[in-house]
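Student: Take a look at this one; I'll ask things after.
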Amino acid sequence: RDCCTPPRKCKDRRCKPMKCCA
């Protein structure tokens, strides 16, 4: 649901493209 918190969720392929993961 929220990819930015915690930041480690950025490893998820659905979250990775999000600006907060850049």
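Note that Cβ sites are derived from N, Cα and C of the backbone, with glycine treated the same way.
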Student: Looking at the disulfide bonds in Swiss-Prot, identify which of CYS15, CYS20 pairs up with CYS3.
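Tutor: Within the candidate set CYS15, CYS20, Swiss-Prot assigns the bond with CYS3 to CYS15.
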Student: Do you know which of CYS10, CYS20 Swiss-Prot records in a disulfide with CYS4?
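Tutor: Answer per the record: CYS20.
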Student: When neighbour density is defined as the number of other C-beta atoms within 10 angstroms of a residue's C-beta, which of the disulfide-bonded residues CYS4, CYS15 has the lowest density?
Tutor: CYS4
Student: Going by DSSP, is CYS21 (disulfide bond) sitting in a helix, a strand, or coil?
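Tutor: Reduced to three states, the DSSP call for CYS21 (disulfide bond) is helix.
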Student: Any idea what the Cα distance is from CYS21 (disulfide bond) over to CYS4 (disulfide bond), rounded to a whole Å?
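Tutor: CYS21 (disulfide bond) to CYS4 (disulfide bond), Cα-Cα distance: 7 Å.
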Student: Run through CYS10, CYS15, PRO17 for me and report the recorded positions whose CA is within 10 Å of the CA of CYS4 (disulfide bond), in sequence order.
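Tutor: If one measures from the Cα of CYS4 (disulfide bond), the recorded positions that come within 10 Å are CYS10, CYS15.
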Student: Taking the Cβ of PRO17 (4-hydroxyproline) as the centre, count every other Cβ atom within 10 Å, in any protein chain shown.
Tutor: 10
